[in-house]
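To keep things clear, I will list the structure first and then write my remarks on it.
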Amino acid sequence: MPTLDDILEHIGEFDLYQKRAFFVLCLLSAAFTPIYVGIVFLGLIPEHHCRSPGVAKLSSRCGWSLEEEWNYTLPKGDIHGDSFVRQCKRYDVDWNITDLNCTNPLDAFTIYKNKSDIPLTTCQDGWFYDFSGSSIVSEFNLVCEDAWKLDLFQSCVNVGFFIGSISIGYLADRFGRKLCLLITILVNSVSGVLMALAPNYTWMVIFRLVQGLVSKGGWLTGYILITEFVGLSYRRTVGIVYQVAFTVGLLVLAAIAYAVPHWRWLQLAVTLPNFFFLLYYWCLPESPRWLIAQKESDKALKIIRRIAKGNKKKLPPSMENLQPEEEVGEKVGPSFLDLVRTPQMRKHTLILMYTWFTSSVLYQGLIMHMGIAGGNIYLDFFYSALVEFPAALILILTIERIGRRYPWAVANLTAGTACLVTALVPQDLYWLKITAACLGRMGITMCYEMVCLVNAELYPTFLRNLGVLVCSSMCDIGGIITPFLVYRLADIWHELPLVVFAVVGLIDGGLVLLLPETKGKTLPETIEEAENMHRQGKHKEKMIYLHVQSSDMKN
């Protein structure tokens, strides 16, 4: 009996019907961007300082400009030895004294004009933000002592990613791709709107957590759905372009954020279009592969005929008897211990876990650090997103010609070196800093794509899904830690996060060279074959890519 891949060769592996479905699912991929990296604009940290009672009245009497008011009344870091004292402290004085002069008003509170003797206090009367729009930072005062709440906001999203990608992957395998996709779209849309209407910080974090629980799982479900009804020869290209659609979403997000500088309206602007994705109920079919695996061949056959009709092809009568693609025979059950039981498998697992962690920390970290770099955040974000397109192109051109290891190592070394250059180059050479940052972004984007591919190629068939699941979970762990690395280390030294990223990336560049080359090699079927991959030289008879086959995708 024919398999689905045999049938697709006759009715079209990637013809008009699949192209239409692929296009609408790419819209879903692009819409995932505001949840994954929206913190850059939602959590924008404006220039801020303490409000001081009486200063406004004094400024009005003296006719000061805003710059003069700040210069005369705010503490200076060079005097008090703390670069952040200007933002988080104010002079503990009474500005309502009537005999203060307008040239040096602080002289009335000092002895021998020594301003360091003036006592300081916290911002008891709130902050003034030099920003025409609004962000969650300016609305909920997530600065100074409460700055950690911004870190928590983004970490909760990644906690949701971690839990949701596993649970929703299971639900998609249990109840179907299409139903799961529609439920995640609905929950994501509703929780996104509720977040925009949240009355306080706590409710905002709760609704963002809910978005994290469903959004990444929904994105992965869309990935699975499209790859399960295209032909084998198109799966790699479809998978890469689906992720390129995410990059397009980055460009759109930058434009919308520039046009809508108020965080609640921005949240609504990027959330409301998600409701249109509920039209997928009529636009997309269920995965025929999943239906065949569930022994619902009649339903699968109806969808196959629908695909054939959309492609203006006819299904041969000899191919109407469908065969499940699972192999017949005794199946070996996967075990967590199998990932570390033997020397080579243990080495592969530990290196891949570190690589997933590195990719997440550097990718999200570079984007978050851009938000506090002090340049034009909208242009910097836009330009750095553009470099993801050549990253995907370089990947497609090199992995089947050169192999996996060397481009992967070079990409890691490029990302690490670029982070170090960005940290050490002075602000006067801003063009060089932004160029290095873009190179780092391109390098880590390639690393992300590469680990998705190689992770699935290093494990035997019965252990492949578990290996990918365990190793890629470090991606979300890295996402949980990254906000604290970026925002807290920047309090010590603004460029310190980049130095940490450089060290992490350079180490990973060396570690990936310890993995075996998988280009042109047969996929391992047993642990023994996986152990001997570094000595294997046979041509690969089949290729597998992360999240492509339903049997290999549980998260």
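Just so it is clear, glycine is given a Cβ too, placed from its N, Cα and C backbone atoms.
Curation plays no part in TrEMBL annotations; they are all automatic predictions.
As recorded in TrEMBL, the features of this protein are as follows:
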type	residues	note
DOMAIN	103-520	domain 'Major facilitator superfamily (MFS) profile'
TRANSMEM	21-45	transmembrane segment
TRANSMEM	152-172	transmembrane segment
TRANSMEM	179-199	transmembrane segment
TRANSMEM	205-226	transmembrane segment
TRANSMEM	238-259	transmembrane segment
TRANSMEM	265-284	transmembrane segment
TRANSMEM	351-375	transmembrane segment
TRANSMEM	381-399	transmembrane segment
TRANSMEM	406-425	transmembrane segment
TRANSMEM	431-454	transmembrane segment
TRANSMEM	466-490	transmembrane segment
TRANSMEM	496-515	transmembrane segment
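Same-chain residues lying 6 or more positions outside the transmembrane segment (466-490) and placing a CB less than 8 Å from one of its CB atoms are 39, 147-148, 150-155, 157-159, 161-162, 165-166, 334-336, 338-339, 349, 352-361, 364-365, 368-369, 372, 455-456, 458-459, 496-497, 500, 546, 552-555. Non-local neighbours of the transmembrane segment (179-199) in the same chain are 28, 35, 168, 171-172, 207-208, 210-211, 213-215, 217-218, 221-222, 225, 264-265, 267-268, 270-272, 274-275, 277-278, 280-281, 284; each lies 6+ residues outside the stretch with a CB under 8 Å from one of its CB atoms.
If one looks beyond the transmembrane segment (351-375) by at least 6 residues along the same chain, the residues whose Cβ comes under 8 Å of a Cβ in the stretch are 36-37, 39-41, 43-45, 154, 381, 384, 412, 415, 419, 427, 430, 434, 437, 440-441, 444-445, 447-448, 451, 454-455, 458, 467, 470-479, 481-483, 485-487, 490, 494, 497-498, 501, 504-505, 507-508, 511-512, 514-515.
Counting residues 6+ beyond its ends, the transmembrane segment (238-259) has Cβ neighbours under 8 Å at 14, 22, 25-27, 29-34, 36-38, 40-41, 222-223, 226-227, 230, 266, 269-270, 378, 381-382, 385-386, 388-389, 392, 395-396, 449, 545-548 in the same chain.
Outside the transmembrane segment (205-226), and at least 6 residues removed from its termini, the chain residues within Cβ reach (under 8 Å) are 18, 21-22, 25, 28-29, 32, 35-36, 152-153, 156-161, 163-165, 167-169, 172, 177-178, 180-181, 183-185, 187-188, 191-192, 194-195, 198, 238-239, 242, 284, 287, 547-548, 550, 553, 555. Per-residue pLDDT, averaged over the domain 'Major facilitator superfamily (MFS) profile' (103-520), rounds to 86.
With Cβ pairs under 8 Å as the measure, the transmembrane segment (152-172) is packed most heavily against 21-45, out of 21-45, 265-284, 381-399, 431-454. Listed by sequence, the residues of this chain that lie at least six past the ends of the transmembrane segment (21-45) yet keep a Cβ under 8 A from its Cβ atoms are 14, 131, 133, 135-137, 142-143, 150, 153-154, 157, 185, 188, 192, 211-212, 215-216, 218-219, 222-223, 225-226, 229-230, 238, 241-243, 245-246, 248-250, 252-253, 257, 263, 266-267, 270-271, 273-274, 277, 280, 283-285, 364, 367-368, 370-372, 377, 381, 483. Within the chain carrying the transmembrane segment (431-454), a Cβ under 8 angstroms from the stretch's Cβ atoms is held by residues 240, 243, 352, 355-356, 358-359, 362-363, 366-367, 370, 375, 380, 383-384, 386-388, 390-392, 394-395, 399, 404, 407-408, 411-416, 418-419, 421-422, 425, 501, 505, 508, 515, 518, 545-547, all 6 or more beyond its ends.
Tertiary neighbourhood of the transmembrane segment (265-284): same-chain residues 20-21, 24-25, 27-28, 31, 34, 38, 41-42, 178, 181-182, 185-186, 188-189, 192-193, 195-196, 225, 253, 256-257, selected by CB-CB distance under 8 Å and a gap of 6+ residues from either end.
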